[in-house]
Amino acid sequence: MDARWWAVVVLAAFPSLGAGGETPEAPPESWTQLWFFRFVVNAAGYASFMVPGYLLVQYFRRKNYLETGRGLCFPLVKACVFGNEPKASDEVPLAPRTEAAETTPMWQALKLLFCATGLQVSYLTWGVLQERVMTRSYGATATSPGERFTDSQFLVLMNRVLALIVAGLSCVLCKQPRHGAPMYRYSFASLSNVLSSWCQYEALKFVSFPTQVLAKVSKVIPVMLMGKLVSRRSYEHWEYLTATLISIGVSMFLLSSGPEPRSSPATTLSGLILLAGYIAFDSFTSNWQDALFAYKMSSVQMMFGVNFFSCLFTVGSLLEQGALLEGTRFMGRHSEFAAHALLLSICSACGQLFIFYTIGQFGAAVFTIIMTLRQAFAILLSCLLYGHTVTVVGGLGVAVVFAALLLRVYARGRLKQRGKKAVPVESPVQKV
């Protein structure tokens, strides 16, 4: 579906998304509303769970509880601290993906269309709603400007709760491999994932959605850096080349774009810092999840484990700040926001399932192409709905970025054909 038609469909379903050509306003100047203060408060809330938990894990390990423990708590402690089986690196690897013998080209084409449509609809809708929730007011009338939703952490919780429910149902309804990873190891990926999502939502208060999309694309560079630091990976020359092209394209876009309405150098700098935080945290999440897959878990099990701790962290932090009740009250005051937040969470959770299914059926290369096109459509859709302007030089920069991404897909395919070990794509879990 052409992005212009998709814009018409979205506006027909949610007329308020483009209402009035409203421009984003600068965030409040109160020091308690500064993003850095909120970040520190949130991080302190997460630390109030992480630090005691880490100390407990170290205590049980030093006491050799696996050999000496007993009683009702032993199975729980064993699952959380020690796990239930050795890492999969010592076992025979899983068989590669195979297609059913009766699969026909027409059936494969229909499945590919289903996957592509599901991914595009889920994440294009998610992107539109994300920008609507974080940059526009609710309850605006002719005499009242309405009020903004400002608590990004509450929105993260909404997304994670629904994703946890979907992952839990999938684990119950579909056969899963025996889980062996120590549960506490999910907490590190959960923490970085929550922080990356918070930075992502918070950044929309300061920079445009197209800028955010290009920043996500450019995270290839820190992912490579984290890969060297965390996983000790080596990279091919073409990967450094495409990473450089992505950097050039993003720079062309950022330097050629004019300032957003009511923006200032200070707010733009805040947005760029938040995007840098998103990229760094998300890069760590991807590499940590890759290491966790050594325990031979399924993607749905990974999704459940990460979201379980994400819900624990965000609920605890919101309760400590007294913000959970305020977020619930905001939903009660504005039913439109409640609908947007619910649909945003549904799109995020369903998108995860489409990711797993697409990679399982067609592989990572096809999935990467679909998601690359989705990012391009997301920029176009945001410009159509919310009036973001892109200059000719900026458009060329966008083209350079996506050409570099497609070049990466092509190079990986050639390496695979030659029998070389291609660098694995970024972990698909928790893409949003």
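Glycine is treated like the rest: Cβ placed from N, Cα and C.
Values in this document were obtained by computation on a predicted structure and should not be read as measured data.
Under the heading transmembrane segment, Swiss-Prot lists 5-25, 40-60, 109-129, 154-174, 238-258, 265-285, 299-319, 353-373, 387-407. If you look up Swiss-Prot, you'll see Ser427 marked as phosphoserine, on the strength of similarity to another entry.
Taking Cβ pairs closer than 8 Å, the transmembrane segment (387-407) reaches residues 21, 208-210, 214, 217-218, 238, 242-243, 245-246, 248-258, 260, 368-369, 372, 375-376, 379 in its own chain, all 6 or more past its ends.
Using the rule of three or more Cβ pairs under 8 Å, pairs at least 6 apart in sequence, the transmembrane segment (40-60) is in contact with the transmembrane segment (299-319). In terms of C-beta pairs under 8 Å, the stretch of 109-129, 238-258, 265-285, 299-319 lying closest in packing to the transmembrane segment (353-373) is 109-129. Packing against the transmembrane segment (238-258) from elsewhere in the chain are residues 208, 210-211, 214-215, 217-218, 220-221, 224, 389-394, 396-401, 403-405, 407-408, 411, 423: each is 6 or more residues past its ends and has a CB under 8 Å from a CB in it.
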